Amino acid sequence: MNRPLAVIGPTGTGKSALALEFAERVGGEIVNADAMQQYRGMDIGTAKLTVEERRGIPHHQLDVLDVVETATVARYQQAAAADIETIAARGATPVIVGGSMLYIQSLLDEWSFPATDPAVRAKYEARLAEIGVAALHAELARVDAAAAASILPTDGRRIVRALEVVELTGEPFAASAPTIGAPRWDTAIIGLDWDTAVLDERLAQRTDKMFADGLVREVVDLLERGLRDGVTAARALGYAQVLADLDAGGDGSGAREPTFIGTRRYVRRQRSWFRRDHRVVWLDGASEGLVDDALRVWRAVS
């Protein structure tokens, strides 16, 4: 099969543009690996390419969920893997692009997910409602310190999942993670990044553009489609901050600074995660000739 290319890295580095140019060069099709770009109607806040900007290149795993549906790594892994194999079977090159860390690792390392038990999960969800996310995070720290250290103390959904896995398997949550070996399908992996100060400025401009382009109106429109009922969609960067500002009696504009700060924090987490992967060939987003560099990396993988 045609060897895939994965273009990964922090938010705001230009991954989509590079992937698009690469796909044009090699006759490729794009497979999205941004969790929130899976949602229909979540366009401005996720910097999703418009149909016109996609230049006629097929895109997969975009606009496949309604905001009331829960985005899961397991669903994505199965669907995206099927897309990649179908693309390759028709002689095109799969180009994976995104910055959602678990999505990318699950796809390239064939992550095997532990079983789930609705009763056990319901128990911890009830516990979350009873004692709050901070206290439940502390409980996780007592049974699996490593998992607690890797999960934000505000991420109730992942805390519940970690406790569920620990109870069902009797092993630490990390034991279910894949080992980093040869990437699936012999995929070439490119990481795109910028100098920190430059990327911070890019993120500031990106955030300003989202609000200027109508992010608040997009959130208001999505409320009519059930955004508040979405377990994952309502927590997306930008959307969660706008909702909080609206709930506090604001007009949404007060969410700009919290969105920027949250995005910078997320970028730090992305960098920390991706830099652990020795398979990634890093490129400077400021360099000229990025597509040629990507082609060299892709052709060099054996």
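One-based numbering along the chain as shown.
For all residues, glycine too, the Cβ spot is worked out from N, Cα and C.
Note that the structure is a prediction, hence the values are computed from the model and not measured.
The annotation ATP binding site is assigned in Swiss-Prot to Gly9, Pro10, Thr11, Gly12, Thr13, Gly14, Lys15, Ser16. Under the heading substrate binding site, Swiss-Prot lists Thr11, Gly12, Thr13, Gly14, Lys15, Ser16, citing sequence analysis as support. Here Swiss-Prot flags Ser100, Arg121 as site 'Interaction with substrate tRNA'.
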Neighbours of Ser100 (site 'Interaction with substrate tRNA') among recorded positions Gly9, Pro10, Thr11, Gly14, Ser16, Arg121 (C-alpha cutoff 10 angstroms), in sequence order, are Gly9, Pro10, Thr11
Should one count Cβ atoms within 10 Å of each candidate's Cβ, the recorded positions Lys15, Arg121 would be headed by Lys15
Which of the listed binding-site residues (Gly9, Pro10, Gly12, Gly14) has the least company, meaning the fewest other Cβ atoms within 10 Å of its Cβ? Gly14
What DSSP gives for Thr13 (ATP binding site), in three states, is coil
Can you grab the distance from Gly14 (ATP binding site) over to Arg121 (site 'Interaction with substrate tRNA')? Cα atoms, rounded to a whole Å. 38
Cβ density check for Thr11 (ATP binding site), other Cβ within 10 Å (all protein chains) comes to 21
For the recorded ATP site, enumerate neighbouring residues of the same chain (Cβ within 8 Å of the Cβ centroid of Gly9, Pro10, Thr11, Gly12, Thr13, Gly14, Lys15, Ser16, site residues themselves excluded), in sequence order. Gly99, Leu192, Asp193, Gly285
Ser100 (site 'Interaction with substrate tRNA') - helix vs strand vs coil (DSSP): coil
For Ser16 (ATP binding site), write down the residues of its own chain that are at least 6 apart in sequence and whose Cβ falls under 8 Å from its Cβ; none is a fine answer. Ala47, Leu49, Val97
Let me know the most crowded of the recorded positions, choosing from Thr13, Ser100 and counting other Cβ atoms within 10 Å. Thr13
When you average the Cβ positions of Thr11, Gly12, Thr13, Gly14, Lys15, Ser16 for the substrate site, which other residues in that chain have a Cβ within 8 Å of that mean position? Gly9, Pro10, Ala17, Ala47, Gly99, Leu192, Gly285
